[in-house]
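TrEMBL annotations:
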TRANSMEM  21-42  transmembrane segment
DOMAIN    33-281  domain 'G-protein coupled receptors family 1 profile'
TRANSMEM  54-76  transmembrane segment
TRANSMEM  134-157  transmembrane segment
TRANSMEM  181-206  transmembrane segment
TRANSMEM  227-254  transmembrane segment
TRANSMEM  260-283  transmembrane segment
Amino acid sequence: MNISEFINRQEFFEEAFFKNFIVVLFGIIISCINSSLVYTFFKNPVLAQEPRYILYMQLIINDIITLSVSVILFMFVYLLPKINVAICCVFIFIGSSVYKNTPLNLAGMAIERFVAVCYPLHHARICTVQNTKILIGIIWLVGAVPAVVDLLVVIILRPLSFFTSSRKCYHRNVFDFEYNIISHAVFNIGYMCLVWVLLFYTYFKVLFSAKAAASEPAQAQKARRTILLHGVQLLLCTLSLFTAVLDGALTSFFPYYRSIIYFCTFLLTSILPRLLSPLIYGMRDQKFKKYMKSSLMCGYKRAIDPSD
């Protein structure tokens, strides 16, 4: 091995270590924050009686799963460049399903706020706990449809030996039929367009409702801000659909920074958006914040003095 080759390998190791360290660190921090929100929710049964908090917790749990799969697949790139296709299919199936759940869940949360502001007298009848649980079931079912279709196509068209082989684990490398690629793009764009329409509709309905009615302007203003934050989340989700285009455009201008560009766009579209969910309710909602402080302080005191 000559000196230049040794230096290249050393640089690769240092870069790989730095990237994995940053991704794992962000993953742990965001997961700890989200886990504290989940703990607060289940620690206080009163929160489980309000549909908006149930939907919010569904979003948080979905974010935890999405983040975990993203971090694991990122680490596989460096630790296990090629893994068993069957195992890879499981990770991609889970990751694809929870990814689709995010925009659908945002739409459900926006509609709940829309009903609360525009139809307050019907809110208790429409947005019940039972209906919310049914909606969550529908979200998971609809979100899993594209992944099920992709998996069925591969099972039907590929020999069984394909699932015992090893490949790099990313969607287009495993589900590489033209139908898979086209259906993947169609489902993603279709879901995003549907949710964008719902967000715009609910936002402007809440805006006009607040101007028309003098009662509870603060609630309408808060609902508009919440829907706007959902829009920011959805914007980052939409941006992830065009990651390949963004990567290609940036690397054409900065070809020597290809690896850094890929890493930054991964952080921007797959990791950091998971940090926005705690800000919507965990940091802004006064009721949830109150219960969160109470639950965490209670747990801290018990950790210090077990006899209490």
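Heads up, the Cβ atoms here are built off N, Cα and C, so glycines get one too.
Curation plays no part in TrEMBL annotations; they are all automatic predictions.
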Other parts of the chain folded back onto the transmembrane segment (21-42), taken as Cβ under 8 Å at six or more residues beyond its ends: 48, 53, 57, 60-61, 63-64, 67-68, 70-71, 74-75, 266-267, 271-272, 274-275, 277-278, 281-282, 288, 291-292, 295-296, 299
Mean predicted confidence [pLDDT] for the domain 'G-protein coupled receptors family 1 profile' (33-281): 83
The transmembrane segment (260-283) versus listed stretches 54-76, 134-157, 181-206: most Cβ pairs under 8 Å: 54-76
